[in-house]
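The feature active site, nucleophile is assigned by Swiss-Prot to Asp52. Positions annotated as substrate binding site by Swiss-Prot, on the basis of sequence analysis: Tyr111.
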Amino acid sequence: MPRYRLTIEYDGRPYNGFQAQASQPSVQGAIEAAVKAFTGQTIRIAAAGRTDTGVHATAQVVHVDLERDWPAETVMNALNAHLVREAISVLDAVVVSDDWHARFSANERRYLYRILNRRAPPALERGKVWHVKKPIDADAMQTAAQALVGLHDFTTFRDMACQAKSPLKTLDVARVSRVGDEVHLVFEARSFLHRQVRSMTGTLAEVGVGRWTADDVMAALEARDRTACGPVAPADGLYLTGVGYEGEG
């Protein structure tokens with residue numbers, strides 16, 4: 001039974017998150033329905049990450065096991081044909097070994113958060129950015145973000161419903177930069193806690209608008225207390241932009 005690695009792009013707005021749910025539209029459910037329409041198989045896909053409602057992806061990675069040995073390009077084209085009415089696209093399909101796993105073989109996940117920082121609201125990007133009217137100091141955010149890099153107890157930035165056994169995570173990259181009218185936050189780590197990225201983003205935004213200092217961010221991290229977190233940024237501006245695997249650049 002050949003295993004296929006699929007790279008997926010999607011707009012998270014129409015879906016109640018990635019994970020399949022019986023009575024709500026989901027990214028996983030749409031992809032699995034497309035596989036069934038193509039092959040007749042009822043399957044479960046595995047994903048590198050399960051994004052929340054409204055969160056987008058430019059390079060989510062999933063794998064699927066098919067009964068027939070189809071050419072990878074045929075799989076990609078067929079799934080896209082069945083996903084044409086969905087806000088989902090298969091960007092690439094590759095045959096991988098049976099022991100390769102989209103989630104457990106991953107050693108890095110990359111997220112981008114987009115803040116639109118101008119007075120005028122978004123007309124074309126509504127639901128795809130967080131609109132913040134007050135001027136943001138991206139340099140101050142970048143300085144404060146460095147306190148989060150490294151191995152830490154991220155209890156402060158962990159959702160109360162998070163099911164991870166440990167709050168310890170190693171954040172490899174936290175980078176903030178201004179790109180025109182937008183402020184971009186990039187985070188890279190092997191894995192993240194539930195809503196960790198949005199919690200860090202909302203907290204750093206408090207620094208950007210002058211309500212918090214870098215020392216406040218450090219104090220919040222060291223408090224190991226969810227109530228010490230700043231506001232949680234909305235899902236709108238968050239994108240899963242890449243998943244890294246050993247041996248890949």
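The backbone N, Cα and C atoms fix where each Cβ goes, glycine too.
From a predicted model like this one, the values you see are computed outputs, not experimental measurements.
When the Cα atoms are compared, Asp52 (active site, nucleophile) and the residue listed as 'substrate binding site' turn out to be 13 Å apart. DSSP classifies Asp52 (active site, nucleophile) as coil under the three-state reduction. DSSP assigns Tyr111 (substrate binding site) to a strand segment in the three-state reduction.
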